[in-house]
Amino acid sequence: MEFSSRARQRHARLAGDRREQYPHSLQFYLEPPTESISLVEFESFAIDRLRLLKVVENLGVSHVRTSDTYKTKLEAELRKLKFPYRALAEDDYEARRKDHISHFILRLAYCQSEDLRRWFLQQEMDLFRYRFNELTESLMQKFLEHVNLSFEAIGEDLKNQLANELSSSTPGFTLPKVKEQMFYKVGLADAVDLFRARRVFIKDGFAYVPFKEIDVIVLNNYRTKLSKALALTARSLPSIQSDERLQPLLNHLSHSYVGPDYSVQNNTGKISLEQIDALSVKSFPLCMRQLHRALRESHHLRHGGRMQYGLFLKGIGLTLEQALEFWKKEFIRGKVDADKFDKGYAYSIRHNYGKEGKRTDYTPYSCMKIIMSNPPSQGDYHGCPFRHSDPELLKQKLQSYKIPPSGIAQVLELVKGMHYQLACQKYFELTHDVDDIGFSLNHPNQYFTESQKLLNGGREPKKEFSNSGNFQQKNNSQESINSSSTLTSSNEKADTELEGLEAYFTED
């Protein structure tokens, strides 16, 4: 997949119109892309699909998947990000191409651990379910043929013969409705879920599935194929990790944050040290509230906690001078004297503000980075309480913060489903007494900013960004490529191509 305009023109001349590559708007992603791809388009496609999957996750928890609100919001996102949607079901080559390539890029990024694979599989399944159910009946039939799932439709004579059994075994089907509906004869192994739910008629090892239930069969088939594909791709991890072109990009995508860059300090100096205790109670996310409380009680935090909390404080507006004063005052109340602090801790604080070492302006941690990297060990207080705390301890903590029992139950249910950011979003709603915050929570500093805006009636100056959709590439370990330099690269950089990616998706 060559993506520069020159390359695309060259391919058009050599291969003619490539639209036959994508005969249908939907696919099982069985064949990986085999072209070359520029770094610029590689990155932008991946970011857009990641944004889409984040929306799918949020909508899936906030709304019933069959509701009009769910469908309307998801279609709007598909339109905005230029992925295939219902209105383009018949013919949109560029959208289909983007859909195909971006899926495989994120498959590379999200095959790297069991948690990542599970999350990616669930969101892709939900996206596929929506898109399949939005197809017309004729397009569904074309898709089934396209993926070799052409189940045998039973004839009218057999349907009339089995009408009573079909009606009594298929919920919601009266005899007249049975006669109107097309039924398919499907092997029992493909219809296990419908069989378990007692939603189909079974005879001689076959399930008789009405057309409206065929999506269950298709989804099971897709899940099986994608699960196997992710496991196969995971076997290529050593090759992926040794690829200097891909590893920085893929590693960051799996810990990604797609929102404002909170290292841009438009609020610098607007927070006083005397305000921090009060702000920690009303406007800090639970992870930062936990760190602040641990610091006040023990007068010390280990490196992971100092990095996570220190960069958060930097993001809400603490200047370097305020940060040095804040940490020094607290540490010398414990077992660290002033001289030891100046020699052992002050340097790392100045380093985080870009005043030492490589002079890198470090970025506050996003939710995904906190959730997916550097889990806390005994004696640590960093990490995400929703991800890293024992559920019973989390329950006790929420009770101590006066969260009502019904709210705690909702939070714990989200945690059980591994929706950690949505659990934090629910915590925001419960502590701010709102039913729907109206945004997707992806960053601790976003939590603080939105909290202050809500509590102060919109008077709190909200950070402004030159590009609110900027993909935050300034990884704190500096393993990633800077987004702005990548996306606004020179022509030479734009023509840099990644080749041979299909090797990571196929068996040796």
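Quick reminder: no glycine exception, Cβ is built from N, Cα and C everywhere.
Model, not experiment: these values are computed from the prediction.
Features reported for this protein in TrEMBL:
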DOMAIN    278-448  domain 'DNA primase large subunit C-terminal'
BINDING   C287, C367, C384, C424  [4Fe-4S] cluster binding site
REGION    457-508  region 'Disordered'
COMPBIAS  473-491  compositional bias 'Low complexity'
COMPBIAS  497-508  compositional bias 'Acidic residues'
Beyond C287, C367, C384, C424, what residues of that chain have CB atoms within 8 A of the centre of the [4Fe-4S] cluster site's CB atoms?
P285, L286, I370, I371, P385, F386, R387, Y420, Q421, P444
Which whole number is the mean pLDDT over the domain 'DNA primase large subunit C-terminal' (278-448)?
92
Taking all protein chains shown into account, the Cβ-based neighbour count within 10 Å for C424 ([4Fe-4S] cluster binding site) is 26
For C384 ([4Fe-4S] cluster binding site), list the number of other Cβ atoms lying within 10 Å of its Cβ atom.
27
